[in-house]
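Notes for the one structure printed next.
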Amino acid sequence: MQHTLQFAQQCDAEDPLKHFREEFLLPKDTQGNNLIYLCGNSLGLQPKLTQEYIQQELNDWAKHGVEGHTDAENPWLPYHEFLTETMASIVGAKPSEVVMMNTLTTNLHLMMVSFYQPTPSKYKIIVESDAFPSDKYAVESQLKFHGFDPSDGLILWKPRAGEDLCRFEDLEQIMAEQGDQVALLMIGSTNYYSGQHFPLKKITELGHKYGCKVGFDLAHGAGNIEPKLHETGADFAVWCSYKYLNSGPGSLGGCFVHERHANNDKLNRFTGWWGHNKETRFNMRHEFDALQGAEGWQLSNPPILSMAAIRASLAVFADAGFNKLRKKSIKLTGYLEFLLHDLENDAINIITPSNPEERGCQLSIQLKSANKETHTKLTKTGVISDWREPDVIRVAPAPLYNSFEDVFEFVQRLKKVL
Ligand SMILES: *Cc1c(COP(=O)(O)O)cnc(C)c1O
């Protein structure tokens with residue numbers, strides 16, 4: 001690898017996925033120059049197909065009114081099913097284990113209704129520190145809902161003093177000491193702050209060994225790493241579609257329920273009509289009869305316009321092939337890491353693991369001076385990245401639309417502001 005524009009351009013020229021950049025709308029500055037957009041971990045960019053897919057549903061609504069449920073070109077009644085197969089392949093699940101519905105935090109609560117059933121002696125929940133705030137709030141409120149005090153019931157899996165990453169052996173230690181009191185491990189598969197990707201299968205096996213349920217938040221995993229959910233054996237997982245999955249702000253989330261729970265009637269479940277047997281859903285008089293698999297957790301008839309955006313985005317993923325994307329992602333982030341090391345600048349420190357198996361596309365760059373002003377200056381040079389308190393700039397080159405040249409340019413500009 002080389003620290004030259006020419007080398008970056010050559011990598012782009014040899015990139016078999018380079019044309020996918022053309023399939024996206026890239027944000028520009030006021031002069032019409034492309035911004036260096038490295039924020040797909042927060043909001044992915046808009047595929048050009050999205051407008052067309054949403055327009056189709058607007059047209060069918062205009063043309064058919066309520067009959068669109070059955071007569072639209074893509075009938076609305078089964079519309080969520082059009083998303084399932086590609087979504088399942090991206091997260092490594094069987095189609096029956098996956099459904100797109102609600103939003104991430106809502107799904108997390110629904111999953112905890114089913115998979116957090118504490119007893120007076122086995123009630124604690126483990127999350128990683130620092131977990132995304134919404135996840136922590138959700139977990140704390142579930143503890144309180146069941147009458148437990150979060151200061152006792154919530155266990156944080158933390159990095160050791162002076163370290164930035166969580167060690168698996170420390171989780172083993174927590175379980176050895178308190179495993180018989182733990183009901184649930186709820187871990188963010190790829191930590192939003194450090195970019196560390198956790199060993200999902202090992203965590204699941206550890207949790208199950210102590211009779212706990214195990215769930216993952218894939219907000220930073222879905223569309224980024226290959227979580228192989230089915231193989232991990234996790235009980236459930238949730239994610240959103242607006243980060244790496246490019247489906248638009250606030251778009252619907254995804255949910256995974258392992259097939260061994262497909263018909264598990266020992267689980268509590270909050271129910272609604274969309275989880276009911278499709279054959280008799282509209283008779284409206286029957287007792288609740290849950291659909292098999294993840295679909296049985298649906299509550300409401302879902303927003304078609306949001307699902308149209310997800311469908312457009314998944315079509316791009318299917319076209320590119322997720323394996324190929326991941327391969328490019330490893331190279332692209334590897335190049336970013338190389339360039340940052342090459343700066344030999346003591347003011348910065350990459351806290352994300354250097355092993356590609358333990359990270360996705362994001363690198364978290366710690367500013368030793370913890371100076372937010374540096375990030376503001378960087379933004380003024382036309383770089384969109386984000387700042388996370390207390391001292392981290394997150395940059396996430398997305399393999400669908402970012403180029404090696406983007407990465408090169410970013411590092412040039414960072415060097416200038418440092
Ligand atoms: C982005 C993100 C969320 C956001 O939750 P919403 O319910 O979609 O607003 C939650 N958890 C994690 C880990 C995230 O990264």
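Just so you know, the numbers here start at 1 and follow the chain as drawn.
Note that Cβ sites are derived from N, Cα and C of the backbone, with glycine treated the same way.
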Further binder of pyridoxal 5'-phosphate named by TrEMBL next to Leu104, Thr105, Phe132, Pro133, Ser134, Asp135, Asp217, His220, Tyr242, Trp273, taken from the candidates Asn263, Asn264, Asn301: Asn301
Minimum Cα separation from Lys243 (N6-(pyridoxal phosphate)lysine), reported as the residue among binding-site residues Leu104, Phe132, Ser134, Asn301 that achieves it: Leu104
Listed in sequence order, residues with CB under 8 A of Asn301 (pyridoxal 5'-phosphate binding site) and six or more positions away: Trp76, Trp273, Trp274
Other CB atoms within 10 A, centred on Leu104 (pyridoxal 5'-phosphate binding site): 25
Whole-number Å value of the largest CA-CA distance among Leu104, Thr105, Phe132, Pro133, Ser134, Asp135, Asp217, His220, Tyr242, Trp273, Asn301, listed as pyridoxal 5'-phosphate-binding: 31
Among Phe132, Tyr242 [binding-site residues], residue with fewest other Cβ within 10 Å: Phe132
Cβ neighbour count within 10 Å of Ser134 (pyridoxal 5'-phosphate binding site): 14
